[in-house]
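Colleague: Okay, handing you the structure first.
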Amino acid sequence: MSTAPNAKNNISLKKSVGDVFRLTAKRVLMRVDFNVPMQNGHITNDYRIRAAIPTIRRVIDQGGICILLSHLGRPRGVSMVAGVRDIRRRYHEAQFHDNKGKTAFFSVLPGEEKVKILAKSSAREEATHISPEVKSGKTMLFARLPEDEKKSLLMQYLNENKDSALPQMSVSAGYEEQYSLRPVAVRLAELLGQHVYFAHDCLDARVEVSRLKRGNVMLLENVRFYSEENGENAEEREAMAKILASYGDVYISDAFGAAHRDSATMTGIPKILGHGAAGYLMEKEISYFAKVLGNPPRPLVAIVGGAKVSEKIQLLDNMLQRIDYLLIGGAMAYTFLKAQGYSIGKSKCEESKLEFARSLLKKAEDRKVQIILPIDHVCHTEFKAVDSPLITEDQNIPEGHMALDIGPKTIEKYVQTIGKCKSAIWNGPMGVFEMVPYSKGTFAIAKAMGRGTQKRGLMSIIGGGESAGAAELCGKLSISHVSTGGGASLELLEGKTLPGVAVLDDKE
């Protein structure tokens, strides 16, 4: 089968961090995807953090200053206006009013901190003779300073030490603890082997950013604590992007997982700075998808699974123009089987998509694409794990039973088909792989792709999401590329252009 004439490649190669020179002393804004799974404040899978390390190292090894931006989860988010109002309120509460409280506040500070404050005062010469020890005259010297100077010195101290001295200032507007990136900063520091600075509010980090030195790394707090990040109003997104863009000189994106978002950090910042380059991870994602959507080694097989046909309509339609074989699994397979007249018991079926299934089967026949559906199933009467589930003789599923995985004969046929191909792309599990009795089909696909890659150079791509998670459960596999972007990879395979990729500079 040859690629259809209207099957256009919707992705082009982009300038990468390797093409960007002279990062020394440059403040590099790097959008990463640290949207990692968390449980009780602990990271359960740090793959996305580890995947960004090579680009971070490139920046700091060249003497650049690396400022990382990311989201985590789906916090409610507050508007910038409300956020700024909240910041001002908290600062106001921390101020000293009516010439009261300044000396009292100073008096309870540690001796070392008092000495540091006095060293910046008009009485610094006198202060050089004062010891940090208790009752050496530090508070008395501070008390003699003019009220305006006292206020100025203390506000400077609070700005520089708000974590310890002013805890009410050390959280972002819109802060929700379960979505904070602070645990990510800790893990990143462990992986890098160096301190990672953490800015508690991505839109109030100007002072912290200004203190960074060459080779430093800073992670800003969750950008989705502000609703403008993914807001529908373009002007509001731009306003947020302008603040963030003011922190940096260079923009690099390594966040393929968020590349389908037209957001303040994915598209707004590079538009304002007038440039954007891909990090090593983004470059790899673009390179592999450009190959599989452009001119891949033939034959090319697409393995598509998941729960709903409706979620994969555009993918199936688009990929049908590019592939030689299509293997369908997961619950979506039962809609196709019913469309062909087979019994599916009480398995999931999208009645409204039966006509689409028939149409796709006809298109495939016309284009000489071989669609292969399950020929046996692993079933049970309920959606739960059992020691000995029913394995059907053929495509038909008995009444009162639901299929929860592809059967052994189907596994054999699918593995044989992958073995005939030179390229394979997989999106979506073959069954309910989270339950051990129904995991064999999904794991067999992952292992077949790994073996093919290792033994005969199969170009294998796993399109993120559940497929990537399933592949990781199989242990170390020799897959050419496991995408970090579930939604982004799906949209690419649907033939869509990703805003977060399109905005980057094309490779010359």
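Cβ coordinates come from backbone N, Cα and C, glycine included.
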Colleague: Given that Swiss-Prot lists A307, K312, A403, E434, E466, S467 as binding ATP, which residue among A331, A385, A488 does it place in the same site?
Modeller: A331
Colleague: According to Swiss-Prot, V32, D33, F34, N35, R48, S70, H71, G73, R74, H260, R261, K308 bind (2R)-3-phosphoglycerate; which one of R214, R224, R237 is listed for that same site?
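Modeller: Of R214, R224, R237, R224 joins V32, D33, F34, N35, R48, S70, H71, G73, R74, H260, R261, K308 in the (2R)-3-phosphoglycerate site that Swiss-Prot records.
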Colleague: Going by Swiss-Prot, G306, A307, K312, A403, N427, F433, E434, E466, S467 bind ADP; tell me which of G330, G485, G487 is listed for that site too.
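Modeller: Same ADP site in Swiss-Prot: G330.
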Colleague: Could you check which of the binding-site residues (H71, R74, K312, S467) sits closest to F433 (CDP binding site), going Cα to Cα?
Modeller: S467
Colleague: If I take the Cα of A307 (AMP binding site) as reference, which of the binding-site residues F34, R48, G330 has the closest Cα?
Modeller: G330
Colleague: Would you mind reading off the Cα separation of G428 (CDP binding site) from K312 (ADP binding site), to the nearest angstrom?
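Modeller: Checking the Cα atoms of G428 (CDP binding site) and K312 (ADP binding site) gives a distance of 10 Å.
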Colleague: Do any of R48, H71, K312, E434, S467 (binding-site residues) have a CA within 10 A of G330 (CDP binding site), and if so which?
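Modeller: Near G330 (CDP binding site) by Cα: none of them.
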Colleague: Note down the number of other Cβ atoms within 10 Å of the Cβ of K312 (ADP binding site), including every protein chain shown.
Modeller: 23
